[in-house]
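Notes for the one structure printed next.
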Amino acid sequence: MDTSPYDFLKLYPWLSRGEADKGTLLDAFPGETFEQSLASDVAMRRAVQDDPAFGHQKLVETFLSEDTPYRELLLFHAPGTGKTCTVVSVAERAKEKGLTRGCIVLARGAALLRNFLHELVFNCGTGGRYIPEGYADMGDQERTRKMRKAVSSYYQFRTYETFAKSVATMSAEAIRARYDRFVIVMDEVHHLRSVQAEGVNTYSAISRFLRTVRGCVKMLLTGTPMTNEPGELADVLNLILPQDKTIRPEDGIFSNSGDLLKPDELAERVRGRVSYLKAARPDAGLTFAGEVLGGTGMTHLRLVRLEMSAFQSDAYASAWDQDAGDRNIFSNSRQCSLAVMPDRRWGSAAEARNPSQVRRMAGQNLAEYSVKYDYLVRVASSSPKTFAYCEYVNGSGLSLLSDILLANGWRRATGRETTPGKRFALLTASQKNIHKIVQRFNHEDNVDGAYISLLLGSRVVAEGLTFKEVRHTVILTPHWNYTETAQAIARSWRAGSHDRLKARGEAVAVTVHRLVAVPRGRDTPRSIDSDMYAVSEVKDKRIKAVERILMTSAADCSLLRSRNLYPSEFDGSRECEYGRCAYRCSNVSVEPGPLPALLGASAAEAVAQVRLDGGGDPAIMKVDMSTLWAEVTAGRRYVNRWGDGAVLRAEGGRLELSAPYGSSEEGRWGDFYKTRNLCYAKMDQDHLRADDLRDSLPQEVEELLTVSPVETIGETASAMPQEVATAILMACVQARADGKTLNVVRRDALLDFYKGFYAMGPSGWTVWLHARGANAKVYDGRRWNPADEDTLEFLAARSAKFTDTRIGYYGLYNPNLKDFCIRDVTQGKRDKVDLRKLTVGRRCVDWDQRTLVHIVARLMKIDGRRDFMPHATLREMRELAEQDPLHEPSDLTSKEACRRFLFWTQKGDNKFRRQDICKAMEKWFIENDLMEDNFDCGHQHKRRGKFA
């Protein structure tokens, strides 16, 4: 039977198939729906199973990878689930595989883009390769500029407004020339319709752009695609739906008022283009204070009811009357429910306040003027870290609250704090250093709010930012839709936001306080807060009904069902779309079993049937089709009825056990196609070189051991395939152990080069080059054996010497590149399943100055020259150290500590370069036996399995 390279493609189901496709590659999953086929994909299931918290990121990366035909996706993932890092994993893979030429990130404002850039550089598994040299010593503007430059070869960042203006005047040819084969990311895409650009319809310009480009991967990011009504979803989906699936008004899917009329039609149109992920389970630490208020019409929202004082109630009644003529704004009532000045002014009139009025409010009777601010101050005073959200800044809003806090003894944070204190930070649109303040708030030394314990945020922080270790979130102002409130809450309840508390063994708990100010007395106006929450709940129920349709029809519905399915105790809750938590995925008739079973019995039974009958019709086999086709595409070997090696192959709509390759391909390329899931188009120079190496390798090994220069023999050996380099090292170790005297000079040169990869163990000479644990080999004087239990304990103890070091860091040395790296193990032993979470070594000169000083001065305690400040007093040295923003309290405890810190942080001509500090650290690691040889040191693409 002839072999086609298509026999070795990794197959994924197409969204739709025509009659002409039946029995061909495009009909690789006959009789199965797209969703049913995808539900059993091994790679995607493995990603979710191995990492329940972040496996969705690997799932989406695989879904949009070079192996699949899928190129657009609405990433409808709840706020705080790590959408940015999901996108980065897709973009980085596309870059590595050559699938795309670049990545353009579009967002509503510069703040969101800066946050995306920061996440890309520091938090999304990019290994530090985008961190600019000298980052720690730069100012804020220079940091942003250098980070943009570091990623500029692949990433571009534009606001919706500026990008729309740019592409609106470009021809289709110009757009394709510049943006074909790009990863296109649209962050918080639900805002696109509301963005205004002078002289340009922003939505139309970007929609045209998306329909013009070719070969692109398109990702729309949102945690809230609908804000006021379900019909808003159409504008979002139409950006990626093909022309024949576009949702038009005349289709009648949504009514003119935005209600969903045809749920089945909506589900059909979005098939294969939505990924849906809920937030962590409601019982995982997020709780809501208060209760459902009676007499409001609300059924689900738990609110904190606060009764206004008689003084505030009287002012509120006047404010309500002033709003009577404009029932759509209620600005007076809303401002008055926040706070009333002692002279009975509120809102814009409160801007004319004087210090004595503020001091009067800030005293013991704050509740007299603001029942909400009094509640917040009491919460913040007893909580390590608190976040308060308020729509209003001026008038009775956050500006007034800031003045009250200052009068109460709080200090305002700047982001440069070096000493503990009772501080708050104000984050508004006028702030230029929001990210600096947030970074200081999130710093590891502020886990318990020692430097900043209270954040006051306006709408500018409602999206994109993460506030870590917050214990209490206080919502001061509701909104007419609940989406705004949910976004604010998500700032302090996000993926990884409380990991440091978990690491300390503490229970993670965030309490949300949604405040409702209610006027005192019977004949008083209604509470505007209560009215707004009631309206938002009604809207939210309509939106959640549509959200459930998207969840059940999502491409990854079955794959993420374990994450999205909440316990039945939450039936009827908002978290379960106000209905039953249990649900079924559309077009998935049978949920695949656990992964081990998926790959086991069912496929084996089908193969046995094919072996017996000589072939079979997949459509009538009692087996999950995706499982069978996974066997086909993997090229897995079986034994046919005659005892010969064979593979499952699709032929004319049947499955057959066939020879791996035809007799005409027995030669050079037969072995190539037996072992690689590739098509001809994917062959590159690396594959050709690898095949050529198979013929030339024996000669190269012979030359290495006979005529190669001794000075470069190690570098030459390390460039060979891993298994060859390992075999050479094992032969050299055995030759020395057996007392061989032939070719001693070259043998010893190789042994010296690889000295960090072998040692005498309890059972004999042990080699672990390119191998760990049970893969290591042991020479007992007669033969090489797998590592036994004693050897495994020996290797584990050797590894523990590095990972359990008292200073939390150890050195790595690449004997080939002569590079020195440092690995951070301060967080202890990591999860050995999720390799992405492992810390790996980074070149010493790439670490920031603050961390290097911390290691060399405080952990290693390397003293400086004896003649450095020999006569200075402790007081004099403390005064100098306190002027340096890098200093910590421990640097001031003794003359020795102070002198060390001042020595390593000298300024001007005496300033130590990173290279100088690294030389001292390298020497210390060697002297303390904490330097490990590792060939990944100095490489961007590290194999994390080596660090597990």
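Cβ coordinates come from backbone N, Cα and C, glycine included.
Per Swiss-Prot, the feature ATP binding site maps to His77, Ala78, Pro79, Gly80, Thr81, Gly82, Lys83, Thr84; the stated evidence is sequence analysis. Cβ neighbour count for Ala78 (ATP binding site): 20 (other Cβ atoms within 10 Å of its Cβ, all protein chains included).
The domain 'Helicase ATP-binding' annotation in Swiss-Prot covers 64-243, and the record cites sequence analysis as its basis.
Confidence for the domain 'Helicase C-terminal' (371-554), expressed as mean pLDDT, is 92. For 371-554, the entry in Swiss-Prot reads domain 'Helicase C-terminal'.
If you look up Swiss-Prot, you'll see 187-190 marked as motif 'DEAH box'.
According to DSSP, Gly82 (ATP binding site) sits in a coil region rather than a helix or strand.
Listed in sequence order, the residues Thr86, Gly223, Leu277, Ala279, Ala490, Arg494, Ala495 complete the 8 Å Cβ shell around the ATP site centroid, once His77, Ala78, Pro79, Gly80, Thr81, Gly82, Lys83, Thr84 themselves are left out.
Other Cβ atoms within 10 Å of the Cβ of Thr84 (ATP binding site), summed over all protein chains shown, number 24.
Cβ neighbours of Gly80 (ATP binding site) (same chain, under 8 Å, six or more residues apart in sequence): Gly223, Ala279, Thr466, Ala490, Trp493, Arg494, Ala495, Ser497. Here the binding-site residues are His77, Lys83; the one with the fewest Cβ atoms within 10 Å of its Cβ is His77.
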